[in-house]
Amino acid sequence: MKILIIFIIFIISYISGFEIPKGFGIGLVIPDAECLNYIGDPIDQQLCNSKLQNNGDRIYTTTNSQIDSQTNIKKSFEAITFLQDQCKDLLFAQFGICDIYLAPCIEVTLTPLKSISLPQRFCKSVCDRMVSNCPRLEEQMDCSNSFLFPEIGTFYDLSPYGYTIDNGTFAVPCSDPTIFFNQVSSNSSFIEICPSPLLLKNSSDPEYAANKGYSYLSPSNCVLPCPVPNYSNQKWDQLLTMSKILSTISFILSLYNVLTFGIINKKVSDPHKCTCFFSGSIALVNLCDIITYGIGYEELLCPEPGRSAKQQLDPVCGLTGAFFHLGITYCVLWSMTMGLVLYCSVKRQKWFKFNYFLIGNTTFTITTVVIAAATSKFEAGLGSIECWIRDRWYAISLFWIPCGIALLIGSFCIIAVIHEVYKTSKKSISNRNDLLQRELKPLLIVIFISGSFLYLFIFFFDIERKFGGYRSAVEDYVLCLLNGSQEECFTTGPSYVPYFLFYLVIRWFGIIFFLFYGTSNIARKIWVQNKIWKSISSSISPKSTPKSSPKNSDSKINSNSTNNNNMILNDNNDKNLNEKKAVELESIKIN
């Protein structure tokens, strides 16, 4: 395009026989152009109202050119908003940009009834000043182009329009807004514009301080939207839908385990207590999700545009964050305790005291919750679907390191249990199939508990390792927005599939424990022996039997109940092996 313009100017000069004086450029005449007043800035965006010479009177205007110019000015202002740490005198640059796109206009009278409008092009000296103060502007401004940036002025050939003075040429001096800038700059301010979906906030205003949940993109006052656009809206919807469905199911099944092993169970053993507390912990984690989607994910996590929820400003975020931390920490500690219970049972050790672990687990968990709450560390953060501890060192100190140690202990205990099961079975049972059947359940527990938490650990520390790269990649996101391409722009973050799996793992524990424990033989026996269940069975049984007297009916029910109890006892006697080791193995398998 630039070569084409130079070629046209050369042809015009050659045909007219006019020699261009030094310091001047040759301009093209647009017959339909007019000198009009500035239409004014858009209602919702300040641009050039206070930055135009002569208050914006007589602006060179072609068809829709002022609207198009405003679009270009807005894009230029967006770009230099992010150059504040690389450039100086950017306020002057904005005056220059307004003068370039909304050029002053001179009207030349050709005849009493006819005139033509010509633009005053931007002076090269002013262009050089802008580029020297901000070298990045050189990418968009070629100050050596005399057509756009003449040193003195621009010659226009008006002979085709009937102008005869000076061989039909008319000289228009270049525009220099320096004097005007010096007069009004003290009353003018630099205009920051953030490309959508970034939002403009005043970081110096305490109401919009960074510690209130705003994520500023230095050196500007632009903040990232909430939630952060790491993924498309479709992927966010998939993640939130998964969370709603799994959390609800997991919550119900966890309560079932608590009811079965902790409330209606007549003989609550130590393994049953561990199962009960573990399931209760998972229910607490899922309750946070239920509260969150009950209120609304964006309403709770992003209470204001561009602001993520913080404990000190958003009490519900602090409450759900405390519940989540209490639940997930308790969950890890009780998984460790379950491993110790199984190990002591197989080794026939007497040192395990359940109440000690109950006090220890509860004390540690509550202490970490109190520390996090007292220091206001519960917040939504960037790109998350629940409130929790987002401060890096607090999260590592209060959860990942201590709970990682607990998981390691629990995993070693469960591995030791499997080893003891193998040794005992080898001595007393020769059938390999029976050996595999006995080891299958604890082996699956190891895979699902330890493996799941191991994935959470790896994912978290992998994000921490790459966090610096994610932050530096924000520049690419901003460039994508500034380029105005048709493609959707995203910030750089964790890959979607591992991120989705991270939240999936946290929410499947209730379902997994129901499959392990809620469907076990001992769970069914607990319900069969429950008084309420018996009364329901008794009320249903007569309806399916022939008519008889009440006494006979009661006698049959009692007889059936007695027979059922005898059958259960006989089944239990059949299942108990003569050797004590085999009995212990059966107990481990059930629990």
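Positions of Cβ are set from backbone N, Cα and C atoms, glycine also.
When N483, N560 are compared with the annotations in Swiss-Prot, the one labelled N-linked glycosylation site turns out to be N483. Between C105 and the candidates C35, C48, C143, C174, Swiss-Prot records a disulfide bond only with C35. Note on N187, N361: Swiss-Prot annotates N-linked glycosylation site at N187; no matching annotation appears for the rest, which is not proof of its absence. Count of Cβ pairs under 8 Å against the transmembrane segment (354-374): among 245-265, 276-296, 398-418, the largest is for 398-418. In this structure, the C-alpha atom of C48 (disulfide bond) lies 37 angstrom from that of N167 (N-linked glycosylation site). Remark: secondary structure over the topological domain 'Cytoplasmic' (266-275) totals 6 helix, 0 strand, 4 coil, with classes taken from DSSP. The secondary structure of N187 (N-linked glycosylation site), as reduced to three states from DSSP, is helical.
Closest to N230 (N-linked glycosylation site) by Cα-Cα distance, out of the disulfide-bonded residues C35, C98, C123, C174, is C98. In this structure, N483 (N-linked glycosylation site) is part of a helix by DSSP.
Sequence-distant neighbours of C105 (disulfide bond): residues of the same chain at least 6 apart with a C-beta under 8 Å from its C-beta are A33, E34, C35, L36, R58, I59, Y60, T61, S117, L118, P119, Q120.
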